[in-house]
Structure formats: C-alpha cells, structure tokens
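> A single structure is presented below for examination.
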Amino acid sequence: MVSRVIPVDPFDLVIFGGTGDLARRKILPGLFRRFCAGQMPDDARVIGAARSEMTSQDYRDFVADAIREFCKPASFDDGQLEAFQTRLDYVTVDAKGDGGWPELGKLMEGRDVVRAYYFSVAPSLFGDLASRLHKWKLTSDQTRIVVEKPFGRDLATAKALNASLAEHFDEGQIYRIDHYLGKETVQNLMAVRFGNMLFEPLWNSQYVDHIQITVAETVGVGGRGEYYDRSGAMRDMVQNHLMQLLCLIAMEPPSKFDPDAVRDEKLKVIRALDPVAPHHVVRGQYDASSDGPSYREAVEDPRSRTESYVAMKVGISNWRWAGTPFYLRTGKRLVARSSEITVVFKELNHSIFGEKQDHRNTLSIRLQPNEGITLNVTIKEPGPGGMRLVDVPLDMSFADALGADAEEPPDAYERLIMDVIRGNQTLFMRGDEVEAAWAWTDPIIAGWEARGEVPKPYDSGSAGPGDAVQMLARDTRVWREVKP
Ligand SMILES: NC(=O)C1=CN([C@@H]2O[C@H](COP(=O)(O)OP(=O)(O)OC[C@H]3O[C@@H](n4cnc5c(N)ncnc54)[C@H](OP(=O)(O)O)[C@@H]3O)[C@@H](O)[C@H]2O)C=CC1
Ligand SMILES: O=C1O[C@H](COP(=O)(O)O)[C@@H](O)[C@H](O)[C@H]1O
C-alpha cells in the first residue's frame, strides 16, 4: 500500500507544559513519528515551554529520552532522532508571571509560519496563558491554541473558561482536544455510516433494538489519583469521550464533512438527550486485587465516593431514536482493555423457518485493540441437519484487510496535532458542544451528591458491578462480553 502523507505548512508549535507527563508520553513521540513519516516541513519547529530551568540542549536530551521510552522499540534510528532534535528549542516560561515571555517572543520573531500553542498544563492555567500570549503580542490570525481536557468540571466552569479564551481568540482558533476523535476507528465510524448504502436506511429505532458503547480499561488511576478523585468516570470519560462516540453513532448525516456541519449535528444529539433517571445509572469503585491496590488505596482516601465505573441507560428524544435505548459503560481495572460500539438490530417479526430463535444482526465497531468491524449475520447451519439457523461473524480486522505492509495509522494525538497545523477543526469540540455536554451531565452528578450515593464495589479484573448486569436484565437485554 502506498503511504499518503499530506504535507502541512511550516509551523512553530509551542508546548506549554513541554516537560509534563502528557508531552513526554504522547505529544513529543507523536510529533517525532510525524517527522519520521516526512510530514514535518523543513521550516517546522517545536518549542518546549515550562518553568523548569533548562537550556535548549537539555531539552533536546530530555525529548530524546522520552522518545526512546515511549516510541515503539526499533521503529526509528538514531539518525532520525538527531535530525528531529535540531527542530527543538526550549524557553523557561511562567504562565502566571512575566518571566520568559520576552525570550519566547524573540524566538518567534519574524517567522511567517503557522503558530500553534498547545496548553498541556493544568486547566487552571489556561486563562493565564491566553491573556499572556495576548499581552506579549504573540498572537496573529495564523495563531491557534490547543486546549487539553478537562474542559471545566461543570457547566459554570466550562462557560467561564470559554469566555476567558474568547477574550483573546476567535472560536475558529480554539482547538479543544478529545483524543477519542483522533482514533482511527472513530473516524471509520463516520465512513461506515455515511460511505455505504447498506447501513443508513436501517439506522433508526424502527430497526435498531439498542446500542451499546463500552470503553473498558485494565489500568487503575495510577499516578493521577489526585485529579481523578475530583473527577470520577463521569467527568473523566462519559462527559467527553463516550459522549462523542454517542454523537457520532446517533447524529444525522451532516451535509458535508466539514467542521461546522459535523459539529452542528453532534450538538443536536446532545441537546436531544433525555435526563437520566437515578435507577438508570450504576456507579462502581474497584476493590483491591493481588496485583494492585483498591481505588480508595490508590487515591489515599478510605472514604472516597468517587466512581471508577459508570454504566447508564440513555434515551434520545428525536424522530430517529425515540424508543431505542443507548447503554453506555466505562470503567477502570476491568477484565480487559476493550472499547467497542455495538448496534443490536431488532428480531425479525416473522420467521419463515417455523422456529422461534433469538437471531439478531449485530454490527460491532471495535475501537481498540484489534480495530475492526464485525457484522453478525444468520445463515443455515452447515450439514444435513435441516434448516437450522446459526449466527456467524463477517469479521474485518483493519490490519488484515489493509494488508501487512499497510502504513501503521498515526496515533490519535499525532493526527490531531497535524489537523491543528492544517487548520481543520472537524475532530475538535466546539465551545457550545462542551457546554451542552456539561448541561446534561451536571444534574446526574448533582443527584448523586444530593443523595449521598456511595458507588458499588466491584472486583478488580471483573466486568464491573453486578447492578449493571441487572439494569440490562430488567430490559431483558445483556451486555456484550468484555473481552480483549
Ligand atoms: N497525562 C495524561 O495522561 C493526560 C493529561 N491531560 C491533560 O493535559 C494537561 C497536562 O497534564 P500532564 O502532562 O499530565 O501534567 P504534568 O503535571 O505532568 O505537567 C504539567 C506541566 O505544566 C508545567 N507547568 C506547571 N506550572 C506551570 C506554570 N506556572 N507555567 C508554565 N508551565 C507550568 C510543568 O512544568 P514545570 O513544573 O517545569 O513548570 C509541566 O511541564 C492537563 O490539563 C491534563 O488534564 C489530558 C489527558 C491525559
Ligand atoms: O482521557 C482519558 O483517556 C484515558 C483512556 O484513553 P485510551 O486512549 O487509552 O483509551 C483514560 O485512561 C484517562 O483516565 C482519561 O483521562
């Protein structure tokens, strides 16, 4: 397969928080992979910025260490790494003070290139960075800012953040990252829905019984306990990643694949979400196991009421989906790392084969691992046993289908950063979308707090709390098995 690398314009990318965890694990290795793929023009530079005192040479060494640690072994050679290092600079900058800003300005002076500022710092610094970029005249029409999650912790804080960014930047310059939108299969979801005749006519409550969205993780909260315990699965995963998946699966076809057409349709879905009744939500918290501490041990709070798991039944009140439930679940320390969306079609209303069997078509879109799509269809059981029906998968793994020599798809962060440089906002959240998502999430969280709800314990390495199974059983449905 011929590799298709679409070149981007020359750029200066300043990473505020260039020494942090996200920069080391995702942003810098991602940029290096794009460099190796030939997508970084000669006149493109990456500038790390943080409070730590270091020289540009120190930073080049720091980045090389990060790349050696987080890029797949043997996927590059030292020559490539040395060439990438020549594109790196570093400035000591304090987001809360004036130190370092003139030096940053000097470094960027006189360069007629795209300017992108990646805010990879704590959200409390986003407003400081925006106003100091403005104060030190480091912005122009060519400027873009990339804002990490979490984008607020509720509607009020998200509105305040939108307002503070809007003081200095137009909406067209603000790139709110949701890295799930950069995943290969998430974009494939749109290709499958809107690039085929086959599915769209059946994509509604007349033919779809229900839809399941699962994002299961094996990892716990790790070193991010302090942040996570203030957030929980609802704020950390549902309000953003699962909400985006729900939007893409449920939205109307946009008139074209452009940023506002797509984001308008997603917004309509969020605004059509029903309020969620308390008995349609299950919250869980993982227990200790032989290979790891309990949630409460991990966050060092023996009474924490924060959920590491949430499952919910969601309704969409619009013409297409009224009556079709969407079941969402996500959690940490589960049995497998497995993210998938499954569309479960209705049973046939009459069987000509004279036997009543539960045969349903399902379409599963696997996000990770083993990205691909499986369509379950009913056929005759092979052999002389008469007309007995059996369900078989039509399975397509993208890796197999595209061939062993297919180029490995860019990871979510590298794809999204290149979209920032290109000025393409399709895979980024618009301010009104984020606010609408919080407006739906806030009352659910407020209800838990008002009722003093304690999450249900679940075994690490399990599929989550039994109550989530009961929630579907009440609807005579079952969750898909969580398997790697
Ligand atoms: N890590 C992850 O997996 C994920 C992180 N995120 C988000 O990304 C952002 C960064 O997270 P993460 O990298 O984990 O955080 P870290 O705490 O690891 O890094 C924070 C960075 O900010 C710098 N910094 C802190 N204070 C200032 C300041 N006053 N002025 C300038 N720089 C400052 C730090 O460097 P120094 O101390 O030298 O100034 C460091 O480079 C956060 O918004 C987080 O929510 C989102 C998803 C996943
Ligand atoms: O944003 C986040 O996502 C990760 C899961 O991302 P994935 O790409 O590994 O599926 C999650 O672990 C983290 O808590 C959350 O902040």
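Each position is counted from 1, following the chain as shown.
Here the Cβ of each residue, glycine as well, is placed from N, Cα and C on the backbone.
Heads up, TrEMBL stuff is auto-annotated, nobody curated it.
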> Check TrEMBL: it lists G17, G18, T19, G20, D21, L22, A23, R24, K149 as binding NADP(+). Then name which of R45, R51, R115 it lists for that same site.
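Only hit among R45, R51, R115 in TrEMBL's NADP(+) site, alongside G17, G18, T19, G20, D21, L22, A23, R24, K149: R51.
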> Which of E200, E217, E252 shares the substrate site with H179, K183, D236, K332 per TrEMBL?
E217
> Which binding-site residues out of T19, K183, D236 lie by ligand 2, going by a Cβ under 6 Å?
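Cβ < 6 Å from ligand 2, in sequence order: D236.
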> Can you check how the pLDDT averages out over the domain 'Glucose-6-phosphate dehydrogenase C-terminal' (190-480)?
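Computed over the domain 'Glucose-6-phosphate dehydrogenase C-terminal' (190-480), the mean pLDDT is 93 on the 0 to 100 scale.
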> If you measure H241 (active site, proton acceptor) to R51 (NADP(+) binding site) at Cα, how many Å is it?
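Distance (Cα to Cα, whole Å): 31 Å.
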> Name, in the order they occur in the sequence, the residues of the same chain whose CB lies under 8 A from the CB of D21 (NADP(+) binding site) and which sit 6 or more residues away.
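Set apart from D21 (NADP(+) binding site) by at least 6 residues yet with Cβ under 8 Å, we have G223.
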> Counting distance between Cα atoms, which of the binding-site residues H179, K183, E217, D236, K332 is nearest T19 (NADP(+) binding site)?
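Going through H179, K183, E217, D236, K332 one by one, the Cα closest to that of T19 (NADP(+) binding site) is H179.
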> Quick one: Cα separation, R51 (NADP(+) binding site) versus K183 (substrate binding site), in Å?
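Approximately 32 Å lies between the Cα of R51 (NADP(+) binding site) and that of K183 (substrate binding site).
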> Cβ atoms within 10 Å, counted per site: which of E217, D236 has the most, among these binding-site residues?
D236
> What does DSSP say about D21 (NADP(+) binding site): helix, strand or coil?
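Assignment for D21 (NADP(+) binding site) reads helix.
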